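**Q** Relevant sequence annotations retrieved from TrEMBL are reproduced here:
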{"type": "DOMAIN", "residues": "22-316", "note": "domain 'Plant heme peroxidase family profile'"}
{"type": "DISULFID", "residues": "CYS32-CYS111", "note": "disulfide bond"}
{"type": "SITE", "residues": "ARG59", "note": "site 'Transition state stabilizer'"}
{"type": "ACT_SITE", "residues": "HIS63", "note": "active site, proton acceptor"}
{"type": "BINDING", "residues": "ASP64, GLY69, ASP71, SER73, GLU85", "note": "Ca(2+) 1 binding site"}
{"type": "DISULFID", "residues": "CYS65-CYS70", "note": "disulfide bond"}
{"type": "DISULFID", "residues": "CYS117-CYS312", "note": "disulfide bond"}
{"type": "BINDING", "residues": "PRO158", "note": "substrate binding site"}
{"type": "BINDING", "residues": "HIS188", "note": "heme b binding site"}
{"type": "BINDING", "residues": "THR189, ASP241, ASP248", "note": "Ca(2+) 2 binding site"}
{"type": "DISULFID", "residues": "CYS195-CYS227", "note": "disulfide bond"}
Amino acid sequence: MEAIVALAFAFLVFPFSSPAQALSSNYYDHTCPQLESIVRSAVQNAMSNDKTVPAALLRMHFHDCFIRGCDASVLLNSKGKSKAEKDGPPNISLHAFYVIDNAKKALESKCPGIVSCADILALAARDAVAMSGGPSWEVPKGRKDGRISLASETRQLPAPIFNISQLKQNFAQRGLSIKDLVALSGGHTLGFSHCSSFQNRIHNFNATLDVDPTMNPSFASKLRSVCPAHNKVKNAGSPLDSSNLIFDNAYYKLLLQGNGIFSSDQALLTTPKTRALVSKFASSQKAFEKAFVESMIKISSLTGGQEIRLDCRVVR
């Protein structure tokens, strides 16, 4: 969910299957009882070497679910001139695919041909949140892996320049409510954004103003020093909140202080209902975590796959 390259808003959405596609928390109890511990170990091992892994896995899962449902299509490699989702502009900065590969390899040695890559990714995202100090939850399982992955469909992802109307419509098309929108935006408590995703707020904001007036001036000044108008530093950018390795409610507190990064973050303060939710989550970590878990279960229940891949990067 980190930096998303701004793209034109697209209204084309492919249908997902019903959330009731045989998902259950005990789906693998008899066929692969070691599943959750194997995935957890893969995430833990990766985190010990790279602190950015949790944010990467959470964002990867979100980007997967928003296109054709949670079918692991984001993991597929491009083939020749056919560019896959991972090579679409908003996904260029996705990383840590190896975590899913490692978990899949371990699972294939224990329970070959049983566990879908989509379920591995859903579990890894949950573990990433829990291991960053956030809540844990029971992940419904039984997803199948998709066979289609198109870079062109990444334009369906919510962009960092979206206003509240675009955000609401984008989420509603997937059966997600305004509360889901505000709660899932809290995933920005983890991660980092490259300058390109918030450049529009700190340089040439409009015909008369250089900087977005809703942004805290000192915060804007800090971002401008890191991201000058003609930035040439490839990896320049900013953490998405002040404690970007810890899953907490700092994102909402900062937003109310004018210290949100994206236009789409600031957009949450532009309607009474979304602003009230931001205030609620800013004042109560418990309320945020409860809403986040409910929304994660909801979004991860959007299913759309057909097979169990043996290699997460290649269709069978």
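Including glycine, each Cβ sits where the backbone N, Cα and C put it.
Walk me through the surroundings of each of these features.
**A** Sequence-distant contacts (6 or more apart, same chain, Cβ under 8 Å) of CYS111 (disulfide bond) comprise TYR28, THR31, CYS32, GLN34, LEU35.
Every protein chain shown contributes to the tally, and the Cβ of ARG59 (site 'Transition state stabilizer') ends up with 27 other Cβ atoms within 10 Å.
Of all Cβ atoms in the protein chains displayed, 27 besides its own lie within 10 Å of the Cβ of GLU85 (Ca(2+) 1 binding site).
The Cβ of CYS65 (disulfide bond) lies under 8 Å from the Cβ of ARG174, ILE299, SER300, LEU302, each of these being in the same chain and 6 or more residues away along the sequence.
Within the same chain, residues at least 6 positions away in sequence whose Cβ sits under 8 Å from that of CYS312 (disulfide bond) are ALA72, LEU75, LEU76, PHE97, ILE100, ASP101, LYS104, CYS117, ILE120, ASP145.
The Cβ of HIS188 (heme b binding site) has 28 other Cβ atoms within 10 Å, all protein chains considered.
Sequence-distant contacts (6 or more apart, same chain, Cβ under 8 Å) of ASP248 (Ca(2+) 2 binding site) comprise GLY133, GLY134, THR189, GLN285.
Its own atom aside, the Cβ of CYS227 (disulfide bond) has 22 Cβ atoms within 10 angstroms in the protein chains shown.
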**Q** Taking GLY69, PRO158 as the binding-site residues to compare, which has the smallest set of other Cβ atoms within 10 Å?
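**A** It is PRO158 that, of the binding-site residues GLY69, PRO158, has the fewest other Cβ atoms within 10 Å.
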**Q** What is the interatomic distance between the Cα atoms of CYS195 (disulfide bond) and ASP71 (Ca(2+) 1 binding site), given in whole Å?
**A** 30
**Q** Rounded to the nearest Å, what's the C-alpha distance separating HIS188 (heme b binding site) and PRO158 (substrate binding site)? Just drop the number here, would you?
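**A** One finds 13 Å between the Cα atoms of these residues.
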**Q** Cα of GLU85 (Ca(2+) 1 binding site) to Cα of ASP241 (Ca(2+) 2 binding site): how many Å, rounded?
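**A** Just about 27 Å between their Cα atoms.
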**Q** Here are the binding-site residues: ASP64, ASP71, ASP241. Which has the lowest count of other Cβ atoms within 10 Å?
**A** ASP241
